[in-house]
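Taken from Swiss-Prot, the feature carbamoyl phosphate binding site applies to Arg59, Thr60, Arg109, His137, Gln140, Gly265, Pro266, supported by sequence analysis. The L-aspartate binding site feature in Swiss-Prot is assigned to Lys87, Arg170, Arg224; the stated evidence is sequence analysis.
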Amino acid sequence: MVFFPHRHLIGIKGLTEQDITYLLDKADEAVKISRQREKKTSTLRGLTQINLFFEASTRTQASFELAGKRLGADVMNMSVGNSSVKKGETLIDTAMTLNAMRPDVLVIRHSSAGAAALLAQKVSCSVVNAGDGQHEHPTQALLDALTIRRAKGKLSRIIVAICGDVLHSRVARSNILLLNAMGARVRVVAPATLLPSGIAEMGVEVFHSMQEGLKDADVVMMLRLQRERMSGAFVPSVREYYHFYGLDAETLKAAKEDTLVMHPGPMNRGVEIASEVADGPQSVIAEQVEMGVAVRMAVMETLLVSQNQGPRTDGMKA
């Protein structure tokens with residue numbers, strides 16, 4: 001039997017191909033549960049999950065909540081807007097307070113990179129990173145991988161083009177790490193101003209043209225233009241950005257006929273993607289949302305149940 005040797009899920013970095021495959025296989029089982037009429041199980045009955053979101057979220061928070069509830073856990077959503085954080089309490093103080101309540105897992109989203117890793121050092125329960133600044137978003141990468149694997153039957157040797165605001169995207173970073181670990185060919189397509197320095201050292205091919213970057217791609221993953229994280233003029237205008245880097249039906253023709261169109265959400269229609277593509281036959285955006293619940297069920301079960309059946313480490317380095 002294969003064991004998952006980690007107490008926390010802080011990032012994709014630190015996971016092996018075997019770890020990733022284990023979680024994806026678990027998630028496949030969770031998909032079956034989610035498609036049943038009776039979706040609730042007793043797997044995590046008696047265990048407590050606290051969702052601690054310091055950044056606004058709709059999909060991710062709802063997905064984690066639903067995952068916990070479908071496994072039978074007691075789930076609490078902590079509203080940061082009404083919490084002691086607004087009164088000046090630090091993240092560490094909040095962590096220590098919550099830890100004293102003896103939860104079994106904390107799910108955290110925070111605007112600062114490294115927040116999840118810091119939390120994991122201060123609490124005695126498992127920690128799941130739901131996105132920390134521009135660092136990582138591991139469950140998003142896992143759900144994207146599950147979506148691709150279920151549609152294509154594999155992850156190795158497929159060509160994935162990640163397009164758009166790579167610079168500010170924790171989703172891009174986690175996907176690059178995961179896809180490389182699983183043997184995929186990864187391309188990034190973006191203007192130079194929206195690419196981090198040293199991106200080529202992450203094992204990706206860099207393109208500045210959508211036509212060139214999408215050629216023969218099996219998967220096209222569009223990223224949102226994250227204007228809320230921008231402090232300067234990274235693009236001349238939204239209109240010009242869409243002209244050169246937006247995905248419409250004509251641009252999509254450069255990819256394979258059976259290419260998958262993906263987007264982590266929320267989408268900016270008419271900015272990075274056209275409605276005709278987002279709602280078109282090649283889009284698997286709705287499937288990504290469904291796979292998100294399954295992946296988070298798999299992560300929760302693995303950290304809180306499966307890991308107790310074998311040796312584990314104290315966590316992963318972010």
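Here the Cβ of each residue, glycine as well, is placed from N, Cα and C on the backbone.
Of all the Cβ atoms in the protein chains shown, 22 others lie within 10 Å of the Cβ of Thr60 (carbamoyl phosphate binding site).
DSSP classifies Pro266 (carbamoyl phosphate binding site) as coil under the three-state reduction. The sparsest Cβ neighbourhood within 10 Å, among the listed binding-site residues (Gly265, Pro266), is found at Pro266. Surrounding the centroid of the Cβ atoms of Arg59, Thr60, Arg109, His137, Gln140, Gly265, Pro266, where the record places carbamoyl phosphate, the chain contributes additional residues within 8 Å, namely Ser57, Ser63, Ala130, Gly131, Val171, Pro264, Gly292.
Counting only the Cα atoms, the space from Thr60 (carbamoyl phosphate binding site) to Arg170 (L-aspartate binding site) is about 14 angstrom. According to DSSP, Arg224 (L-aspartate binding site) is assigned to coil rather than to any helix or strand. Cβ-based neighbour count (10 Å, all protein chains) for Gln140 (carbamoyl phosphate binding site) stands at 27. Neighbour list (Arg224 (L-aspartate binding site), Cβ cut-off 8 Å, at least 6 residues apart, same chain): Gly164, Asp165, Ser169, His263, Pro264, Gly265, Pro266, Met267, Asn268, Val271, Glu272.
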